[in-house]
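> Handing you this structure, nothing more for now.
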C-alpha cells in the first residue's frame, strides 16, 4: 500500500479517525484526578468508559441504517457534530453522573463516525482491503497513543482540559471532511435495523465477535483500571500510555501483516492472546510495583497492535454479508467487553483486592484464546489476492536463425530489444530457398537434430543476455 498515492479525502477521514480514537484513551491520565476532585471511587470513575462503550456498541446496530439513508458523508459529519457537542458538555460538567451521561452521547457520535469511516476508507483507499485496514488501524493506534498524551498535558492544567481539547480538534476534523470529502452516493440498497443482529446467525461472524469480546475485556481492564495502581500524576500517566499507543500503532502497521503472512491468522492471534494473558497475570502479581506496571503496559501495546489489525481484517473477510453490516454486528458484540470491563475491574478492586482485576482480565483473554481455537476453521488464513490491472504485455520478439555466423549477431540484437521492451523471445529455425519446387526437397534434407541444436544454442544465448522468457517455435 503506497501511502503517498492515497486521495486527500482518505487522509481527511484518517485524520478525523485519529481524533475520534483519542476519546478512548483521553480520560486515562485524568481518572485519578477526577476521582480525587469529584470524590468518586475507581468504579464510579470507570463508568466514563462503561457508558461510552455501551452506547457505542448498541449504536453500532443503527449506523448502517442511518448511513444507507442519508449517505456516508452526512453520517460522518453528524457523528462529528455529536462528539463535538458532548465532549464540550462533559468539560463543562460538575459531577461524575453528568460526565458519564455526556460520555454516552459522545459514544453515539463516535459509533456513527467510526463504523462509517472504516467503510469510507475501504471504499476510497488504494491497496485493497488489507491496505485500507492497515491505514485504519494506524489511525486507531495514533489516536489511542495521542489521546493519553493530550489528556496528560491538558489534564495537568485541569481535568476539564482534555474534553474541551477534543471538541476543538473534532471541529478541525469536521472542517477537513466538509472540504475534502466529496459527496458519496448512497448505497443502492437501504440497510434494515435488524440486519446486523441477523448477521450474527453466521457462526463465523459470531465466533469472531466472541473472541473480540473476551479479548476486549482484557484490553480495557488494562486501559481503564491500570491508571489507579500506577499512582502517577497526569503527565506521567500520559507519557506511559503514549508509549503504549506508539507501540500499538507501530505493530499494527508494520508487524501484524508480516506475522500474518508468515504464520497465519490462528497462530498469530493465538500467540498474541497467550502473551497478553501472561502480561496481565504478571501485572496482577506486580500490582504493588508501579515501575513494573508501567513497563508491562507499554510492552502490551506491541501485542494489542498485532491483534487489532489481524482480527479486524479477518472479520471483514469472514462474514458473508456486506462489510458495513459485518462491521456493525462485530462491533456490537466486541464493545460489550469494553463496556463491562472498566466498571467490573473497579468493583473487583473494591470487593476483593487491587490485583484481582488483572487476574480476571488474564482469564478473559484465555477464554478468547479457547474460543479462537475452537472456531479456528472459520478464520481465513490465506493471503488476500490483490487484483491489479497489469499493463499490456509487449509483443514477443521473433528470431529467425540458421546455422550461419550471422545468427549470432541477430541473436544479440534480439536479446537487447527484448530486454528494453520486457518482451518474450520466440526463436525460429529457418532454411531459406527461392525455388518453391525445391522447398519440400530441402526440408527433407534438413537434419532435424542439427536444427534443434541450433535453436537451443541460440535460446541459451538470448536467455543469458536478456534474461527474458524464450520460446522455441518448431519449424
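Glycine residues also receive a Cβ, built from the backbone N, Cα and C atoms like all the rest.
TrEMBL: automatically predicted annotations, no manual curation.
Pasting the feature list from TrEMBL:
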- 9-380: domain 'Major facilitator superfamily (MFS) profile' (DOMAIN)
- 9-27: transmembrane segment (TRANSMEM)
- 47-68: transmembrane segment (TRANSMEM)
- 75-96: transmembrane segment (TRANSMEM)
- 133-157: transmembrane segment (TRANSMEM)
- 163-184: transmembrane segment (TRANSMEM)
- 205-228: transmembrane segment (TRANSMEM)
- 234-256: transmembrane segment (TRANSMEM)
- 263-285: transmembrane segment (TRANSMEM)
- 291-312: transmembrane segment (TRANSMEM)
- 324-345: transmembrane segment (TRANSMEM)
- 357-379: transmembrane segment (TRANSMEM)
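Tell me what's around each of these sites.
Tertiary neighbourhood of the transmembrane segment (9-27): same-chain residues 34, 48-49, 52, 76, 80, 83, 87, 106, 110, 113-114, 117, 120-121, 124-125, 135-136, 138-140, 142-148, 150-151, 162-163, 166, 169-170, 172-174, 176-177, 179-182, 223, 241, 245, selected by CB-CB distance under 8 Å and a gap of 6+ residues from either end.
Counting same-chain residues at least six beyond the ends of the transmembrane segment (47-68), those with a Cβ under 8 angstroms from any Cβ of the stretch are 23, 27, 31, 34, 75, 78, 96, 99-101, 103-108, 110-112, 114-116, 119, 186-187, 189-193, 195-197, 220, 223-224, 324-325, 327-329, 331-336, 338-343.
Listed by sequence, the residues of this chain that lie at least six past the ends of the transmembrane segment (163-184) yet keep a Cβ under 8 A from its Cβ atoms are 8-9, 11-13, 15-16, 19-20, 22-23, 26, 71-73, 76-77, 80-81, 83-85, 87-88, 90-91, 120, 123, 150, 154.
Beyond its flanks by at least six residues, the transmembrane segment (205-228) meets 24-25, 28-29, 31-32, 35, 42, 46, 49, 53, 199, 237, 241, 269, 273, 276-277, 280, 283, 293, 297, 300, 304, 307, 311, 314-315, 318-319, 321, 326, 329-330, 332-338, 340-342, 345-346, 349, 354, 357-358, 360-362, 364-365, 367-368, 371-372, 374-375, 378-379 of its own chain at Cβ-Cβ distances under 8 Å.
Beyond its flanks by at least six residues, the transmembrane segment (263-285) meets 211, 215, 218-219, 221-222, 226, 256, 292-293, 296-297, 299-300, 303-304, 306-307, 310-311, 314, 355-359, 361-363, 365-366, 368-369, 372-373, 376, 379-381 of its own chain at Cβ-Cβ distances under 8 Å.
Sequence-remote contacts of a segment are chain residues at least 6 beyond its ends whose Cβ falls under 8 Å from one of its Cβ atoms, and for the transmembrane segment (291-312) they are 133-134, 136-137, 140-141, 208, 211-212, 215, 219, 222, 226, 229-230, 232, 240-241, 243-253, 255-257, 259-260, 265, 268-269, 272-273, 275-276, 279, 282-283.
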> Taking residues 6+ outside the transmembrane segment (234-256), which of them lie with a CB under 8 Å of any CB in it?
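Same-chain residues near the transmembrane segment (234-256) but 6 or more away: 25, 28-30, 32-33, 134, 137-138, 140-153, 155-156, 223, 227, 268, 294, 297-306, 308-310.
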> In this predicted model, what is the average pLDDT of the domain 'Major facilitator superfamily (MFS) profile' (9-380)?
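Its mean pLDDT is 90.
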